[in-house]
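Novice: Please see the structure below; I have some questions.
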Amino acid sequence: MAASPKNQLSETKTLDSAAQTNGQDSPQPNCESVPPSDPQSTADTNPGEKRKRDDDDPTQNSSPHPLWKTTLCSYFRRQDGSCTHGSTCKYAHGEEELRPRLDNTWDPTSERAKKAMKGENGEKVAAKEEEEQEVMMTEMVMDGGEDGEACGDPQLSKCLVHLPRKWHADNLRKFLSEQGITFKSAKKKKGMVVGFVSFESAEQLKSAVEELEGKSFGNKNLKVANVIPRPFERKVKSAMAATLSSQQTIDDASIKENAGVPIASNEVQDGATNDDGSALDDSTSKAKCARDAVTPLAHMPYSDQLEHKKNSVMQMLKKLTRNARKACPNGVSLPQWVLQSRERGGLPCEVEGIIESPVVNGYRNKCEFSVGYSQQGKPTVGFMLGNFREGVTAVEEPVDCPNVSKIACRYASIFQEFLQHSSFPIWNRFKNTGFWRQLAVREGRSAGKVADENFEANISEVMLIVQVCSVGLDEAQVTNEFERLAQAFAAGAAANSPPLPLNVFVVQDHQGISNVAPTDAPLRSIPIPKTESSLQLETANNIIEARIHDCISNLRFSISPTAFFQVNTLAAEKLYSLAGEWAGLGPDTLLFDICCGTGTIGLTLAHRVGMVIGIEMNASAVQDAYKNAEINGIKNCRFICSKAEDVIGSLLKEYLNVSEKQGQLSSALESSEKGTLAGEEIDTCTTNAHNDGESSCQEPEKCSENDGKEIQNQLQESSTSKDGNSLVPQFKNVVAIVDPPRMGLHPTVVKVLRTHAPLRRLVYISCNPESLVANAIELCTPSPEKVEKGKKDNRGWRNMSSAGLARHRAKSMPISEPFQPVKAMAVDLFPHTPHCEMVMLLER
């Protein structure tokens, strides 16, 4: 029915009002539902359409909306106390107008909320503020720079925090000169937010602190922090010079640090003293330990940890509702799940709670220990006490870390003892030189139910991976060093009571800056010397294969050195079981395991479905997946090494009862998606292998466009016989399970999942709820009536949040039926840490 001119005018007015209110950065989920004071405007608004506020004062109503003035007005704050809406604005203009929310909490950005949080965690907040005043890093201060000049007395040195990451040392020196500051030396490494400045006298230092403190860089203020110095000085000799047929002696006053050349010995005597013979100040008393850095929730009872994680996940999911409201195109009705979110307190769907981990202590089957120096200057194998970008390089032993097994701690201790007498240097994170970088301990457990107290008794296999950088070193000497280390590991394992399992010892040679090595980094298997231990004799033959095995849901999985495998095996069983229950599997189900890695999800659910199709870009992971299927005798699994967007259309046509016309439409749609995305694609494929719960979906290997077409042709040829009849069974139900890395799914994969209509159900497993929210915005936001094409020269995305990027990409989503969130649940795979896995069911 055609709209009357009066109604058209009213709708135009509503849209104009929407354009004015888009300036609010962080609206409350239900604030748009504030009823206008004019009943006529309500009548003019279609049901389900985004309703906007009129110019009348809602405070004239006898009963204001429950969310009235519960959020601070961001426009009011940005414009120095001015807002075009005046007293009619539904947001609070200051702390005086702010009202508590329905759950008796305050706006998180308000002073009341900050004071309340400080009152609850006063000691932690105070400790954090005190910690920010000190930087546990001294390489840039104590060590010589590129020109070999040291920064001088640490008492006359300061650390500048919140500097731009793109700055070099020259940028820092230029900045100091422009401020009229006299200094002795200044150092800054690109990619870090800290820089180091030293002065000639205390007067210069005092004047500089007064001038620099509080300087603004963007939305952050410059902070001047103290530096915790290395509490020792000693003579060191260069063994690298001897290795390169020249012997040199380093300056006696140089600091024992991991220089760019090997030193004669890394050993340090405990209880060092200052030059005047006095005892060293205990600077470590103010610094947090490895337990605080790695397991910040370990001080809480486990039940409180679960409640804390559940609340965090719920707050994150509320962002999905808020951003879906913003992303919904004008003139398009809000989805029903958004309208119903007010009944759930702003949640997009019901959160059914959190599943606890069967094992709370020592649950990690993979631990990566950094190699560095402790705050006392001792070569240490353990965990860094903070972020390198924030100026923390101190490494402490993994003692009292409840998530690390005793076996892993023991091997870290053996390696640390070996480093005390090694002639090769420890990796220097500033100069990007050195030899020893990292130790990874991977454990394989035998099948069977175990309790928390005897969980480690089931560890039957261990793989050790030592990461080094052998650039410029003599191959014979490196080989000899590896043999000595293998003997040390074997002897240490045999000396333990009971003897420690040791099956594989691998060396990874990595020359990059970060310890996150690419999948094709060279691996070298080192033979383990035979000992009197019968266990060692039995496993000696497995060295060539360089694999260990673990069990999930009574299935045995082969694990290669770089393969992804969930770090909490028993909790992963609960995670995969939940995903299978929500997926609605059956004999007529085709299950797509996207980002399948080594195939753990698909293989554990293969007995419940007709066919499993695993899609993975990492070729070595696909090989592991096929090997695992063979080990467990599973025949209904197929793994494809390719991009999901290149093959999913052909696979749907092959295994589903899809008409030829619909298949052609899907192919055409894929081509249009590639053309549209070419101008707007924002690459979020960076993989962080150090983070918990990562997967190997995102582009460790690049597949060319021609490779994708060849794969599609092969799939199409294999799906039909010579007479045109189908050679493969047809499935009526298609389900996808995705388990991406922390960065989430690539935008192209999201678009493929969204635009393939036969895919009716999607189970999203995420180790980072923030990336889940970003992907869900694109999957669940209604399509616009007119698709916007991306701009090739658009660089505004660089300053956007992940949710903002998702809203931006949703504008160019091809017209398709959106998903809607049905339910969500958290699974605690990482006790004692703030992280957990999130499972969400999406349907359409």
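Backbone N, Cα and C atoms are what each Cβ position is placed from, and that goes for glycine too.
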Novice: Can you dig out which of the ranges 67-96, 97-126, 127-156 TrEMBL describes as zinc finger?
Specialist: 67-96
Novice: In TrEMBL, one of 263-285, 309-331 is tagged region 'Disordered'. Which stretch would that be?
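Specialist: Region 'Disordered', as annotated by TrEMBL, spans 263-285.
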Novice: Between Glu616 (S-adenosyl-L-methionine binding site) and Cys767 (active site), what C-alpha distance do you get in Å?
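Specialist: Just about 18 Å between their Cα atoms.
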Novice: Could you round the CA separation between Gln566 (S-adenosyl-L-methionine binding site) and Cys767 (active site) to a whole angstrom and send it over?
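Specialist: Counting only the Cα atoms, the answer is 11 Å.
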Novice: Rounding to the nearest whole angstrom, report the longest C-alpha distance spanning Gln566, Glu616, Asp739, listed for S-adenosyl-L-methionine.
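Specialist: Binding-site diameter by Cα atoms for S-adenosyl-L-methionine: 16 Å.
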Novice: List the Cα distance (Å, whole number) between Asp739 (S-adenosyl-L-methionine binding site) and Cys767 (active site).
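Specialist: Cα-Cα distance, Asp739 (S-adenosyl-L-methionine binding site) to Cys767 (active site): 8 Å.
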Novice: Over the zinc finger (67-96), what does the predicted model average in pLDDT?
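Specialist: Mean per-residue confidence for the zinc finger (67-96): 79 out of 100.
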